[in-house]
Ligand code: NDP
């Protein structure tokens, strides 16, 4: 059996075309969606992510500003900029690229962003709203995964969903969205005893581990939908390519549907950042 490919690039393209139309309509009424991205330091992966986010904004007709700070920037300076952006009516979304250098208290920085402009959905108020089933912004990566699951088709109600990973940015909000969608959810992590026992029960398996090709075919239930969130760079001696947390070659023979890496969850994460920024702008315009 060969699994159906869930093409994140194709879905992202379709959604972004719709966002562009909505952004143009909003701009014609005087509100252009605006995103501010703050980057501190020179982490090469962060630089790529930020560049991709800014480019995606430009392609969708959004206004964007990129604010770069050196690795030794004073937290007070960045916090002052966030306060300024909170008050700026041209900005509807503020994103601070993580990780931050060690002199920063990441939680304090995330809490400084106005919850109304917290398009990453990491502010405690927005995390709480998500928990209560009344979200303001869905965190972009899990939101993108839900869109891919929609594309895969079939109801999620009553399905066994297993999430490997319990981070605040992926695993935990992912589990919450699947729970709200009616799945029975199991969250696995590094202390889970007998991981395969859990993963083999999953109708929907989401891997957010950060370990290359960690999930192998023998860990997957035949016909399962497998979503690979991982982005891992292989060492140069193995080709230096990007690969996911799922061993694509063995899993595609067992699964019913699978996301590739690259071209699966990655493009959807940025797409949902655009979705959140657009929704924020529409709210600001009273729509
Ligand atoms: P974290 O490192 O914060 O979390 C990884 C999770 O995996 C932890 O909960 C950890 O458990 C768990 N884990 C580690 N080893 C094992 C193991 N042997 N068995 C079971 N669970 C294990 O990573 P993130 O959540 O931030 O990211 C996960 C992956 O997704 C990374 O590859 C990252 O690059 C990628 N990513 C991709 C995005 C995209 O747009 N596609 C966006 C964000 C992340 P414990 O809590 O016990 O330590």
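One is the number of the first residue shown, and numbering goes on along the chain from there.
Cβ atoms here come from the backbone N, Cα and C positions, even for glycine.
Here's what TrEMBL has on this protein:
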- 165, 166, 167, 231: NADP(+) binding site (BINDING)
- 6-120: domain 'Tetrahydrofolate dehydrogenase/cyclohydrolase catalytic' (DOMAIN)
- 139-284: domain 'Tetrahydrofolate dehydrogenase/cyclohydrolase NAD(P)-binding' (DOMAIN)
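For the domain 'Tetrahydrofolate dehydrogenase/cyclohydrolase catalytic' (6-120), the number of residues in each DSSP class (helix H, G, I; strand E, B; coil) is 59 helix, 18 strand, 38 coil. Using a 10 Å radius centred on the Cβ of residue 166 (NADP(+) binding site) and all shown protein chains, the other Cβ atoms total 17. The number of other CB atoms found within 10 A of the CB of residue 231 (NADP(+) binding site), across every protein chain shown, is 19. In sequence order, 171, 174, 187, 188, 189, 206, 207, 208, 209, 210, 229 constitute the residues six or more apart from residue 165 (NADP(+) binding site) in its chain with CB-CB distances below 8 Å.
Mean pLDDT of the predicted structure over the domain 'Tetrahydrofolate dehydrogenase/cyclohydrolase catalytic' (6-120): 97. If you draw a 10 Å sphere around the CB of residue 167 (NADP(+) binding site), it holds 15 other CB atoms from the protein chains shown. Between the two most distant C-alpha atoms of the annotated NADP(+) binders (165, 166, 167, 231) there are 16 Å.
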